[in-house]
Amino acid sequence: MPCASRSDELVFFVNGRKVMERNVDPEGTLLTFLRKNWTLLSKSWLLRLTGTKYACGRGGCGACTVMVSKHDPVSRKIRHFSVTACLMPICSLHGAAVTTVEGVGSIKTRLPPVQERIAKSHGTQCGFCTPGMVMSMYTLLRNHPQPSEEQLMEALGSNLCRCTGYRPILESGRTFCMESNSCQQKGTGKCCLDWGENDSSPLGKKSEICTKLFAKEEFQSLDPTQELIFPPELLRMAENPEKRTLTFYGERGTWISPGTLKDLLELKVKHPKAPLVLGPAMKSQGHFHPVLLSPARISELSMVTKTSDGLTIGAGCSLAQMQDILAERIAELPEEKTQTYRALLKHLRSLAGQQIRNMASLGGHVISQHCCSDLNPVLAVSNATLNLISAEGTRQIPLNEHFLAGLASADLKPEEILESVHIPHSQKWEFVSAFRQAQCQQNALPHVNAGMRVLLKEGTDSIEDLSIAYGGVGAATISAHRSCQLLLGRRWNELMLDEACRLLLDEVSLPGSAPGGRVEFKRTLVVSFLFKFYLEVLQELKKLVKLFSVPVGALDSRHHSEVSDQFLSALEDFLVTIPQGVQTYQNVDPHQPLQDPVGRPIMHLSALKHATGEAMFCDDIPMVDKELFMALVTSSRAHAKIISIDVSKALELPEVVDVITAEDIPGTNGAEGDKLLAIDEVNCVGQIICAVVAETDVQAKRATEKIEITYEDLEPVIFTIKDAIKHNSFLCPEKKLEQGNVEEAFEKVDQILEEVHVGGQKHFYMETQRVLVIPKTEDKELDIYVSTQDPAHVQVSVFYFKHPHQQDHLSCKTSGWRFWREGRKTSCIRGDCSCGTGHPIRLVLDREDDMLITGGRHPVFGKYKVGFMNNGRIKALDIECYINGGCTLDDSELVTEFLILKLENAYKIRNLRFQGRACMTNLPSNTAFRGFGFPQGALVTESCITAVAAKCGLPPEKIREKNMYKTVDKTIYKQAFNPETLIRCWNECLDKSSFYSRRMHVEEFNKKNYWKKKGIAIIPMKFSVGFAATSYHQAAALVHIYTDGSVLVTHGGNELGQGIHTKMLQVASRELKIPMSCMHISETSTATVPNTIATAASISADVNGRAVQNACQILLKRLEPIIKKHPEGTWEDWIEAAFEQRISLSATGYFRNFLNQCAFLQGLGESGMFLGSSVFFAIADAVATVDIAEDFMVQSPATPERVRMACADRFTEMRPRELSMWIHTWQIPPAEGYSR
């Protein structure tokens, strides 16, 4: 337990400012300290640097990236490195300098190049992730003022968000890079941007299009001398380090930072259970430790020793430092000695992200003994040694299977610590390789990884020693020791390979119910990795034969051991390539006035504030007086009766104010079937049961753990669509559309095909659900600050508490791309608490709760029956779609309707029947998502088209073209449709992409390569924008002109990053004929524009723009007499005259009509979501070239597991048959499962 002694003083710098803190919480992180630091003595905010964002809380998104600078005692240089503040323990920063996005620059003072360029390159949307992007690039530039493109890619690899398409972010970074051949066509001698006026450019006529979104020459140059220096005080501290032990006491725990190795070893004797904390280790464990020991100040743990037989790396070295150490050693030594180092370096490049590698230590990675460790399998097979030290002395233990299994006889003693790891050199005729397969190449835990080493008898292919270790296939890293022993003395040939596969599958046993699932896939990877290693060694043997003139006979076996040219592609890894692309847009008319901004690439109004972290999001609003915090208590059962809720223990905790249950809600507690707080029964895991209100967010969260809920499980528990169909569990009546005579058409076709298709997607927006509610007690009003797409809907929901709309004022801050329906419940509950307590209430969901409570895109189960002629012409199509709606209706009925309406996509098929049902399951309610059902439905349709192409033996694009709309006709929903634009877009895409030429290259590549395949696809899309209900096609705006001539605009649309505020000012600027600089736009508020419509369906800019236009035209109409009378006057003169003549300078604009004329002008937004389907079908096209069953199907999402298992070969068939009955029983299929 922490004692009452006074803490030592924590000293570090933030943005050049010294921070001295005694009241530091050992459990606290740098992110919390930066955003919410509050000094009790002065009652004033010390830092409140909210540019560093909270998003995932696990170091996986990069939104909280900051730069840390430290003096390296070994190299005696200043190290600048990026870290994720959400994982950086605040107590670990003694003697460090922290730079946040606010310390880089500000719109109020100085805007440096890195912030200027990402803003002016259009590299921001909502801006929530932008500060993290800026800090990653800034840190890179501090270390490499002229980085390579590869370094830029690596620096940004841990910044997860890609909502801008990523191209403009990279383009801003590329302006700092050395010149490169970024254009793919430059290899042919001509860049796509260098075509002359008479050339047939693939981009169209040069005079009509433009590709430059910014002028690089207008950017200020990078001047490293203008950056913050490392504080001289910290430099003095580092050069004359304090040797005394620093201790920081918290409410529950104690952080101890010894100054010498001797002190650390004595502390380990005193606190044998206390973990050593370097970097993010304590966060990842998820356990509470009353005492934490930090060896960060002990230089002995960061020492690197080079010896004749190997390399010894200090346990305190970060993984990023280890990368540099290995790269340096590889450059110094002959290749034969660096096999292990190369394998480790390969894994380090893909292990987590750069920020995590900068924080995590080698010692922490090894000691964690994580089952998915990327380095431990390689270290184990390379005979690495762990150098341990304690107060009693030193000893060495092998890093082998016994250590990795956690056996007490082979593990560290409680009083010991890991001092260093010794990695021996490889030797001649020894080969070491590392393999991993993850969901993606970066920032993902591996499904399976492996380290493999073989030593061959010199001059032969006979196995002298063999080591194989796997991660991800058990509770710990598994060594295949028995199999390796049985293979000693065998020749390195196919007979050995077959025997090795059989032995490995027997020894590395994976039962069908193994935790983590994917059993078939993992077993396939176990033998696939071995095969790849087998090929790699054969290739190396081939080199050795030439290099050392080894007699060929010594390496021959009765089976040919040469690697076929077709098999060589198996040796090539998929490299992370630099994205290539060119954005084009139409030039404005040369006669358009220069001050008219419409059609010009105007920078996002908030872009500079995004880049400097000064854009205000909901949780960035400063704390208000008497503010309380809320935390939610959710159901742990999928379907159960609530027997009792005991809140007594929670209320006993200090600083806890109240616990709100359904009984405390004065109104109706939501709608029937969709209660805000559960009453009597819960219908999904994550359903909100009650809420805790406390004086701090920490106490509120701790109190939720004290609430005891007793359940009685109910049946049935329905998770999947198939279960819902079985139990007839639906949320709404069936939706159906039909045209022609489907049954008659089926009788007249050449072929009929019936298949099913499944797909789904999770929500992962950057900004979690959050809201601030401030009551005005004198008038019973509520000011609600919430990031939402539909403020009016939230306002209506607050009415559940018998609170009239006119007393609820919703203000919408910039939203971090969240989705509108899911914010309703949390906003309502906070509104009730504010009314009940009279205090402001703030709630910020952490990532776990946000993912638990909110649903995602509706998974779809589609069954289709298609009748077609042998030439590919489709005569009849019958599709039945079921969506997983979750436990409440929400938007599921609307999504079902939209899905059915759009199922025909771009195809004119005379005989159609579409049916849709929304299934009720015991999962969180799925909701509106970009595309609103269209992507799922169109994926079913396009899968049908692909299947028809396969049956007819024709390319899919030919079937698509044959069945497309050709002439003006009516759609299945009776709307007249002219396909002229569709046909033109299709032909232009084929032409500009050189599609058929690419198709030939793909086919040629696939003929030459057995283990690697390419695919190509082109997908048409017909997407009608707008809502099904015409009442949603309306908007209002309010425009004020002030007497100084300035203009204030507000409207009903919400800024989600799409730039709607920028567009509204462009419209107003054109109409009023004054510069945008004379205008300002106010945040969306129900107090200025009531009854707003959700910002969705790709029409918000259109309808709100019309409303702004209408308001401006009303004002101009009023000003018209004055302008006619004084045509030579200025804008300011006219406004002043209007005021003197008592002419109103405020107008409400309104628009209430909408025509679907924009359907083919949508490149982004709702329709753009489906553009990614071309990648899915290109993958399917590649899989189709494999020699597999005729009726194969790649399901959505096309995960590595599904793609690999669709490509049947001898390795996928090596699975024991007796396991097949167990394979899928342990979990819900990924498309519908909600892993918690």
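Backbone N, Cα and C atoms are what each Cβ position is placed from, and that goes for glycine too.
Helix, strand and coil counts under DSSP for the domain '2Fe-2S ferredoxin-type' (8-104) come to 15 helix, 33 strand, 49 coil. As annotated by TrEMBL, domain '2Fe-2S ferredoxin-type' applies to 8-104.
As annotated by TrEMBL, [2Fe-2S] cluster 1 binding site applies to C56, C61, C64, C86.
TrEMBL lists C126, C129, C161, C163 with the feature [2Fe-2S] cluster 2 binding site.
As annotated by TrEMBL, domain 'FAD-binding PCMH-type' applies to 248-428.
Residues annotated as FAD binding site in TrEMBL: D374, L418, R436. Sequence-distant contacts (6 or more apart, same chain, Cβ under 8 Å) of L418 (FAD binding site) comprise A315, G363, V366, I367, L386, N387, L388, L412.
When other Cβ atoms within 10 Å of the Cβ of R930 (Mo-molybdopterin binding site) are tallied across all protein chains shown, the result is 19. According to TrEMBL, the feature Mo-molybdopterin binding site maps to Q789, F819, R930, A1097.
Under the heading substrate binding site, TrEMBL lists F932.
Sorted by the number of other CB atoms within 10 A, the binding-site residues C61, C86, C126, C129, A1097 start with A1097, the lowest. Among the residues the record lists as binding FAD, namely D374, L418, R436, the two farthest apart have Cα atoms separated by 26 Å. Looking only at the domain '2Fe-2S ferredoxin-type' (8-104), the predicted model's pLDDT averages out at 88.
Listed binding-site residues: C56, C161, C163. The one with the lowest count of other Cβ atoms within 10 Å of its Cβ is C163. For R436 (FAD binding site), the Cβ neighbour count at a 10 Å cut-off comes to 24, with all displayed protein chains included. In this structure, the C-alpha atom of C86 ([2Fe-2S] cluster 1 binding site) lies 29 angstrom from that of R930 (Mo-molybdopterin binding site). Of the recorded residues, C64 ([2Fe-2S] cluster 1 binding site) and C129 ([2Fe-2S] cluster 2 binding site) place their C-alpha atoms 8 Å from one another. Within the same chain, residues at least 6 positions away in sequence whose Cβ sits under 8 Å from that of D374 (FAD binding site) are H347, L348, S350, L351, A434, R436, P446, N449, G471. For C64 ([2Fe-2S] cluster 1 binding site), other Cβ atoms within 10 Å of its Cβ number 29. Cβ contacts within 10 Å of Q789 (Mo-molybdopterin binding site), excluding its own Cβ and spanning all protein chains shown: 24. Of the chain residues outside the [2Fe-2S] cluster 1 site list C56, C61, C64, C86, L31, K53, Y54, A55, G57, R58, G59, G60, G62, A63, T84, A85, L87, G132, R847 have their Cβ within 8 Å of the site's Cβ mean position. Checking Cα-Cα distances from C61 ([2Fe-2S] cluster 1 binding site) against the binding-site residues (C126, C161, Q789, R930, F932, A1097) with a 10 Å cut-off leaves C161, in sequence order.
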